[in-house]
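Taken verbatim from Swiss-Prot:
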type: ACT_SITE; residues: D109; note: active site, proton acceptor
type: BINDING; residues: D6, C7, G8, N9, T10, N11, T12, V13, T132; note: ATP binding site
type: BINDING; residues: G107, P108, D109, R110, T184; note: substrate binding site
type: BINDING; residues: D129; note: K(+) binding site
Amino acid sequence: MLLAIDCGNTNTVFAIHDGTDFVAVWRTATEHQRTADQYYVWLQSLMQMQKIEVEITEVIISSTVPRVVFNLRVLCDRYFNCRPLVVGKPGCALPVDVRVDAGTQVGPDRLVNTVAGFTQFGGDLIVVDFGTATTFDVVDVDGAYVGGVIAPGVNLSLEALHNAAAALPHVDISMPDTVVGTNTVACMQSGVFWGYVGLVREICAQIKAERARPMRVIATGGLAPLFSQGAELFDAWVDDLTMQGLVTINSYNREA
C-alpha cells in the first residue's frame, strides 16, 4: 500500500491509500528533531489502535521543510524497505508542466495542489490553500502551473497582532456575528476574518482579470471551511486535495 506524507511548516499529514481510497489519515505537529525511529513508533501505535494491518510498499513525500525529508527517507529505507518519491526532487515526474521563471523554487505542496486540481476540475483554475501561508496557484487550461500569489496565513496574521501589540490578546479565528465588534477579541476576529475575505476575493478577481477568462476557484487547507461560510468565494472546497494529488503523482510515476 501507499503511504503519502504531506509535511508542512505547521503540521505533517500521513495517509495510507489502498489504491482506491484512504484507509487512514493522521496529523501531527511538524518537528525538525523527530527521528525515523520516532516516526515509526508513532505510526505503528496508531495502526495498532485502529487495527490496521497493511504492508507499506510505496511512499511519496511532499515537504516544505527540507530538514525533515532526511529522517523521512531514513524511515522509508529502514522500516518499509523502499525508496520514497519526493515531489520536486529528481526521480519524481509530474503529469503537468511548470511554466514559471524558477520552477525549482515552487513549493512542492503548490505543485501537488495543481496536479490534484487539474485532475478533478480541469484547467483554468485558481487553487487557494489556507496553510501557514495563504497561497493562490493558477492552473492553465492544459493543466500547467503558471504561477500564483503568496500572502501571510490567517493564523500568522493573528499571531503577528498579538506579538507586536502588547495590549492585544491571543485569539482564535472564527466567523464573527457582526462586522463591528464590541470588544477587543471580536474586533480582532472581525478584522482578520473579513480582511481575508476581502483579500481572497480581490486577489482572485485580479487574477481572472489578468488572465482575461473565467476561472473556477477551489479551496483547500485547514481554514477553508471557515471561509466557505457567509461569503461566496469558492466554487468548491476539497479537504484532502493535497493528499489526492500525491496519490495521482505516485500513480503517474509508477506507470511511467
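Even glycines carry a Cβ here, placed using N, Cα and C.
Structural mapping of features recorded in Swiss-Prot.
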residue: D6; record: ATP binding site; Cβ contacts under 8 Å, 6 or more apart: T12, V13, A15, S62, S63, D109, V112, T242, M243, L246
residue: G8; record: ATP binding site; Cβ contacts under 8 Å, 6 or more apart: T30, T64, V65, D109, G131, T132
residue: T10; record: ATP binding site; Cβ contacts under 8 Å, 6 or more apart: A29, T30, G131, T132
residue: G107; record: substrate binding site; Cβ contacts under 8 Å, 6 or more apart: T64, T135
residue: R110; record: substrate binding site; Cβ contacts under 8 Å, 6 or more apart: V127, D129, T135, D137, Y145, G148
residue: T184; record: substrate binding site; Cβ contacts under 8 Å, 6 or more apart: A167, L168, P169
Most Cβ neighbours inside 10 Å, all chains, among the binding-site residues T12, T132: T12
Taking residues D6, C7, G8, N9, T10, N11, T12, V13, T132, which bind ATP in the record, the widest Cα spacing (Å, whole number): 14
Site extent for substrate, whole Å (max Cα pair distance, G107, P108, D109, R110, T184): 38
Other same-chain residues whose Cβ falls within 8 Å of the Cβ centroid of D6, C7, G8, N9, T10, N11, T12, V13, T132, the recorded ATP site, in sequence order: T30, T64, V65, G131
Secondary structure at T184 (substrate binding site), reduced by DSSP to three states: helix
DSSP state at T12 (ATP binding site), helix/strand/coil: strand
Secondary-structure category, per DSSP, in which D6 (ATP binding site) falls: strand
Neighbourhood of P108 (substrate binding site) by C-beta distance under 8 A, where only residues 6 or more apart in the same chain count: S62, S63, T64, V86, V87, G88
The residue listed as 'active site, proton acceptor' CB neighbourhood, other CB atoms within 10 A: 28
